[in-house]
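Colleague: Sharing a structure with you now.
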Amino acid sequence: MTGRVLADAYDVVLLDLDGVVYVGGQAVPYAVDTLRLARAAGVRLGFITNNASRTPEQIAKHLTELGVPADPDEVVTSAQAVATMISERYPAGTHVAVLGADGLREALRARELVPVAVGHDAAAIVSGYGPDVPWSDIMRAATRIRDGLPWFAANTDSTIPAAFGEAPGHGAQVELLSRFSGVVPPVAGKPAVPLFEEARRRITGETVLMVGDRLDTDVLGAHRAGIDSLLVLTGVTTREDLAHSRPGELPTYVADDLRGLLQPASSLAAG
């Protein structure tokens, strides 16, 4: 692909959000202009995120306000992926307890499942990041999981970006629940494959490139899903981190920022 612009080699470009398109709610430098140019050149974009708290409509609205016009159909979340996982195991109308935010509830409803409170009768429980989840709900969920209620997790991100810096993510809650209950849940979000499968069902294309800022979720997940990856250095990963990456975490390409999508692929090869 010598001399060929990277994005031209793929039917679909999937973009992580935090650390790639925005940080702390503000657009990453060069992201808006690059994605506008990519769309104008005919590149099909999709936005995928492990954040299960917001709906695709909310995320698309946020992107559009930042200057990156997006349709909800172009956004795929770990909430949607975990709802699909549950719907493949339980029939429509099944009650599912929710330890999380509205993104999970809406995703379950879209799959004809019924979200209920943690203490209500349910066939299963699903957890995801929810900044307003009370400790009493976490305690109740932990005991129900320990007592045998099937548990699904949207993601296991150890950290999330916050206005005051890096903060504990849903992975910290999963670790707490797992340690108490002795249960390890099936996970939908990156680096697990279900989120990539959900994205490829919704945003079709033969050749797919994943763009992310994390080796342990975006790049490793792309490797597991069998697709190429572009690591951008606008989020949590540094070139020093890259030099010490573990097996499966070496990206196909590396760029300082999203402008790499419009640069020759041969100039971005990671190895």
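Glycine residues also receive a Cβ, built from the backbone N, Cα and C atoms like all the rest.
Just so you know, TrEMBL annotations are computer predictions that nobody has curated.
Quick paste of what TrEMBL says about this protein:
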{"type": "ACT_SITE", "residues": "ASP16", "note": "active site, nucleophile"}
{"type": "ACT_SITE", "residues": "ASP18", "note": "active site, proton donor"}
{"type": "BINDING", "residues": "ASP16, ASP18, ASP213", "note": "Mg(2+) binding site"}
{"type": "BINDING", "residues": "LYS190", "note": "substrate binding site"}
Colleague: Using the Cβ center of ASP16, ASP18, ASP213 as the Mg(2+) site position, which other residues in that chain lie within 8 Å, going by their Cβ?
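Modeller: The answer, listed by sequence position, is LEU17, GLY19, VAL20, VAL21, THR49, GLY212, ARG214, ASP218, GLY235, VAL236.
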Colleague: For the residue listed as 'active site, proton donor', which DSSP three-state class applies?
Modeller: strand
Colleague: Using Cα coordinates, what distance in whole Å links ASP213 (Mg(2+) binding site) and ASP16 (active site, nucleophile)?
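Modeller: Cα to Cα, ASP213 (Mg(2+) binding site) and ASP16 (active site, nucleophile) are separated by 8 Å.
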Colleague: When DSSP states are folded down to helix, strand and coil, where does ASP213 (Mg(2+) binding site) land?
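Modeller: In the DSSP reduction, ASP213 (Mg(2+) binding site) maps to coil.
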Colleague: How many neighbouring Cβ atoms, not counting its own, are there within 10 Å of the Cβ of ASP18 (active site, proton donor)?
Modeller: 21
Colleague: What whole-number Å value do you get for the CA-CA distance of LYS190 (substrate binding site) and the residue listed as 'active site, nucleophile'?
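Modeller: Counting only the Cα atoms, the answer is 10 Å.
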Colleague: Using a Cβ cut-off under 8 Å and a sequence separation of 6 or more, which residues in the same chain sit near the residue listed as 'active site, nucleophile'?
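Modeller: Those within reach of the residue listed as 'active site, nucleophile', by Cβ under 8 Å and sequence separation of 6 or more, are ILE48, THR49, LYS190, MET210, VAL211, GLY212, ASP213, ARG214, THR217, ASP218.
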